[in-house]
């Protein structure tokens, strides 16, 4: 590869230019050779072998700062510069379609680069509108939290009624389809007789399909109705809990910004881990060894290229060479480098889990001070979040570090298993793969359980001030005594918040879609012109979901 002022505009081979001896052709050819090249000083075969000049020149056009063959089709025939064949510079004629294949492969890279450039351009002209969209999402999220205090009950019952009505309509629709197919030819064929079909629409012409759908929906409807009858008190508790949580957030508004502090501390942990990992990875050095073809007492010993020629080795073994062997080191430090990397990963997990635990205890302590305040807001501390943060650091650092350590050990074991699984991918040992898969599954479940238990243990630490083991035991038995209540409250609140997230993302996403596609007449001229309008829209949607979450 070489940088040129302009692309070649004619067919020419180096052998042709050299043989003709034309000064004009040689001067033209020189601009496509390496800098400082002087023609006629070397034989053409040596010039081509040393890659000082290309073997041939082809009429080319510039595309994304590259010279590509000037391909064009004339009456269905592919041509380059009005020719269908060319001299490859080695005495053979080739068809220009061979150039076409090469251009196609290069085009994939170019298209990807152009796509990336266009996306980057879209971000440069729409970044401030994206920020405005995210700010709107944040405002809507705040409003949603405030409205939950007053509308949580209505929203839950409306959603429950909507689910029952939708299922009821599904049962009615299945029955109507089942009745409509009565007497039609081929509709009474059983699913077993029909067997598997790639075209799934075939099954919709069978009565048995609609009967199966109707039975499934009826079972789901009955289960939901029975759950509502038996769990109506739990749903009322969930609604009361959401209202109280919304009221608590209203009194401690700083709790909505506190996750930014946790995020900042996590970024510091990631930065420290990454920089340490890079320093360790790049602390290797080039190792050179003595290589020779005949027997030599110095063979395999470490050497230095700078002083090798003047050393005693070349006198004893004249054919010996000091060549690069590997990149690493032979000191004790280099031997245990993998251990340091492993320790660095372990410390990263420990620190990251500690930061998350600190955030959970701080929030739990702040809301505990709100919950047990007899007169609200008079008895709530002036700065409940900062007071809780101070208590967590002063009294509970050990408990948080211990809980984080247990989780970090499990996570490191999971990472080790993933590493072993990656190394064994090429192996054919089915038993080892099965055992690894089982271990990965078990430790994944264990990590989820420990995370859940730790979170509740940290709440008990913040409320009662007990140590980690006592808090974890109390939290576990408290949850076990109220397992159904916990499950219902968790799932009902999760479902409600999920719908809230969808509402915020949907509303902001629709607004972004109408704005960036210039369908809002009031701001039609304000919207930026884009290559791909989905770029800012997707960014706003993903960002809105993260903010709402």
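The backbone N, Cα and C atoms fix where each Cβ goes, glycine too.
The transmembrane segment annotation in TrEMBL covers 127-147 (among others).
The feature transmembrane segment is assigned by TrEMBL to 154-172 (among others). Outside the transmembrane segment (154-172) by six or more residues, the chain places 148, 213-214, 217-218, 220-221, 224-225, 228, 235, 238-239, 242, 492, 495-496, 499 with a CB less than 8 A from a CB of the stretch.
Positions annotated as transmembrane segment by TrEMBL: 210-231 (among others). Beyond the ends of the transmembrane segment (210-231), by six or more residues, the same chain brings 160, 163-164, 167-168, 170-171, 174-175, 177-178, 181, 191, 204, 484, 488 to within a C-beta distance below 8 angstroms of the stretch.
If you look up TrEMBL, you'll see 252-274 (among others) marked as transmembrane segment.
Taken from TrEMBL, the feature transmembrane segment applies to 347-372 (among others).
Annotated transmembrane segment per TrEMBL: 393-413 (among others), in sequence order.
Positions annotated as transmembrane segment by TrEMBL: 457-480 (among others).
Taken from TrEMBL, the feature transmembrane segment covers 492-516 (among others). Here the transmembrane segment (492-516) has long-range neighbours at 126, 129, 133, 136-137, 140-141, 144, 148, 152, 155-156, 159, 234-235, 238, 241-242, 523, 527-528, 530, 533, 536-537, 540-541, 544-545, 547-549, meaning same-chain residues at least 6 beyond its ends whose C-beta is under 8 angstroms from one of its own.
Among the features that TrEMBL reports, transmembrane segment is placed at 531-548 (among others).
Among the stretches 127-147, 252-274, 393-413, 531-548, the one making the largest number of Cβ pairs under 8 Å with the transmembrane segment (347-372) is 252-274.
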